[in-house]
Amino acid sequence: MTHLSSINEQIESDPNDEFCSTQEDSYRNLRLQSFVDRYGIEEEQISSIDRAKRYVRKKYSSLTIECCLNAFLNKIPLIRCLYEYNIRKNLFGDIMAGITIAIMHIPQGMAYGTLTTLPPVHGLYISFFPVILYMIFGTSPHLSIGTFAVISLMTAQAIDSVSLQPMNLIMSNESISNATDSLIIDTKVNIATTLALLVGLIQILLSFLRLGFLTVYLTEPFISGFTTGAAFHVFTSQIPSVFGLKSPRGVHGPFKLLRIYIKLFRSLFSNINWISTAVAFISIIVLYIAKYFNDRYKSKIRIILPSELLLIIVGTTISHFTQFHSTYGVSVVGEIKRGLPPPSLPSFNNANQLIVPAITIAAVSLSISISMAKTLSRKHSYKVSSNQELLAYGMANGISSFFQCYPSAGSLSRSVVQEGSGGKTVLVNGFSSLLLGSVLIALTPLFRSLPMACLAAIIIVNLKGLFLQLKDFLLYFRISTLECILWTMTFVSVVLFDVDIGLYVGICTSFIINTVRTQKPRFFILGQVDNTGIYKSTTYFPSVQQYSNIKILRFDESLYACNAPFFKRKFYDLIGIQLTQQPIISCGKNKNNNNNQKKLIYKYVILECSPFNYIDTVGVKLLIQIFNDLKKRGITLYLSECRYEVRHTLDSMKFYEKTEFHIIYVTTHDAVMSALICLLTRVHFTRNAIGSSKLAGRFFA
């Protein structure tokens, strides 16, 4: 306030009012137009057509054969990886990580393959073909592409949702059950491969349209709530295999999980297979203990204990020699095809019924995979391109569909292991595929006696990480109410209804929350920090200085049509002007409000526009309306710290012609000081006028 006092003293001591005009002119020079005229540049005014021609000319002037070749090579990151590969530094770590991930792929691939209601070998195909393709087109050396529980579950639901008319026709004849089973499997495989192709085409299309930024709208609270809710569906789908029961069929709609558990409970005591139950519970306990020690000592032991692979080997051996299937009726994997499948074109008979599931799976898989890839890239300081990742996922799903593969995605558990086991480049996927290809060619028939209870145990134990995401509810509850609502709505809708319904509810909730955040942002009253040019919120900094006739406001969002009504209502409310109609019969409270309103009228209102990234036509018209309304009330509106984009829109809307030319200032402090000078000048003129009137009165007296 020292500067203000000195200004006041000089005004009092200047009888010719020269200081008033000098100070006013000096602060007038700090108005935005004067600042732009002095320091800015004059932008060339060209038409939209000329601007487009200039852009095309600029792009095609540098279009050479070398540029085209580099652009093509950049779409295949493996080439750059091989070109820059350091054998001494990276080879050993990549080989060890590849072997470790392949060991995880074998049991998880078979387990998640059964989750899709397809034969387990198709899960091994997912662990082989998409991994090779991601090695060619992907950019993250630590992301493990392949089977994922949630995507496998969504694939199973997409398969069940398709009307299988040929299958229903043959099932009416009970005398040819073997042919029926074979036809059912072939039909399901055709549906799954068609689904994978559609998912791949959608992701490739998004990549070419450069729409990778859309994944930011699938936020972490949404993904966490969705995958946590889907984990309950995955867990429920494995209960029949644990107890040796038949899976309930035809259960859809609201409260699906509850009705499934009711059916399972009714058949549990009469149809339970105690051997299968014992195998499942022993496997779960063994896997849990092994994973506990792996997590505890992973920093000391570089190679983790392959507990899942050991479980499959031991379980298959015991089942084979004790004849679990024939003697005790334990469900086993059965015959598995040896070798790699020949390429074949997916069938498009059910493509129209798979469009919606394909869009859903494409959105979920790319959001989960990209979020994991970016998390790992931030940890290790390398770049991941969303559009290139979209291309990699699309190529992995699209081309793999010709080899009897269903949709794939990144796995969090395998990615963490791949990162911690020493992998440095995408060649980890190549070494993993070499080992897995050897298993497919030579060893798959050995797993025909593997109990399904062992695969169910592998799935259930691997759901631990998803179930632990329940803690995210408390995290979001402490940090943000809106994010907590998003997590809760997504999770509850997935659990109570179904995975696809939960996805749509979560996306709609996310959209509503983002809309609410922009429609009703924070609106603050600002004050000056001591004798500085810094202005802070009076809410969080109560000690800041406020001036009696000046109100400084800040709207923490861009001004556009959706939040314009809120802006207007809140703006007038903060300066003490009530826009609501007065009641016909006024009460004591309303009288007090009217008196307060008269007292709280300000002479100057300064709106800090630094949070405005843009302003639309509705926002400009609203500012013009507010300016003219305040002018009628004897209040002057100033704007400060407007960005170029905002000023450009104001110019286009002829804002200055409809208001005044000099109402925008470079900084908020400039606007405040200009308002103070004007206020003090008015006070000085008023005093001089009163003194002159008194002298005139004495003279005529």
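Using the three backbone atoms N, Cα and C, a Cβ is placed for every residue, glycine included.
Heads up, TrEMBL stuff is auto-annotated, nobody curated it.
For reference, TrEMBL has these:
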| type | residues | note |
| --- | --- | --- |
| TRANSMEM | 91-112 | transmembrane segment |
| TRANSMEM | 124-151 | transmembrane segment |
| TRANSMEM | 195-218 | transmembrane segment |
| TRANSMEM | 272-290 | transmembrane segment |
| TRANSMEM | 302-321 | transmembrane segment |
| TRANSMEM | 354-373 | transmembrane segment |
| TRANSMEM | 426-444 | transmembrane segment |
| TRANSMEM | 450-468 | transmembrane segment |
| TRANSMEM | 501-517 | transmembrane segment |
| DOMAIN | 540-675 | domain 'STAS' |
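Proximity of distant same-chain residues to the transmembrane segment (450-468), defined by a Cβ-Cβ separation under 8 Å and at least 6 residues beyond the stretch ends, is recorded for 107-108, 110-112, 114-115, 120, 149, 227-228, 230-231, 234-235, 238, 241-242, 244, 276-277, 279-280, 283-284, 287-288, 291, 308, 311-312, 315-316, 319, 324, 330-333, 412-413. For the domain 'STAS' (540-675), the number of residues in each DSSP class (helix H, G, I; strand E, B; coil) is 60 helix, 21 strand, 55 coil. Looking at which of 195-218, 354-373, 426-444, 501-517 has the most CB pairs under 8 Å to the transmembrane segment (124-151), the answer is the stretch 426-444. Take the transmembrane segment (354-373) and the stretches 91-112, 195-218, 426-444, 501-517: counting Cβ pairs under 8 Å, 195-218 has the most. Contact between the transmembrane segment (426-444) and the transmembrane segment (195-218) is not supported: fewer than 3 Cβ pairs lie under 8 Å, counting only residues 6 or more apart in sequence. When each of 91-112, 272-290, 501-517 is scored by its Cβ pairs under 8 Å to the transmembrane segment (195-218), the top-ranked stretch turns out to be 501-517. Residues belonging to the domain 'STAS' (540-675) score a mean pLDDT of 84 in the model.
Only residues 6 or more beyond the boundaries of the transmembrane segment (91-112), in the same chain, are considered here, and those with a CB under 8 A from a CB of the stretch are 120-121, 123-127, 131, 144, 146-149, 152, 302-304, 306, 308-309, 311-312, 333, 411, 413-414, 417-418, 421-425, 427-436, 439, 447, 450, 455-456, 458-459, 462.
Sequence-distant contacts of the transmembrane segment (272-290) (same chain, six or more residues past either end, CB-CB distance under 8 Å): 241-245, 305, 307-308, 311, 315, 324, 328-331, 451-454, 456-458, 460-461, 464.
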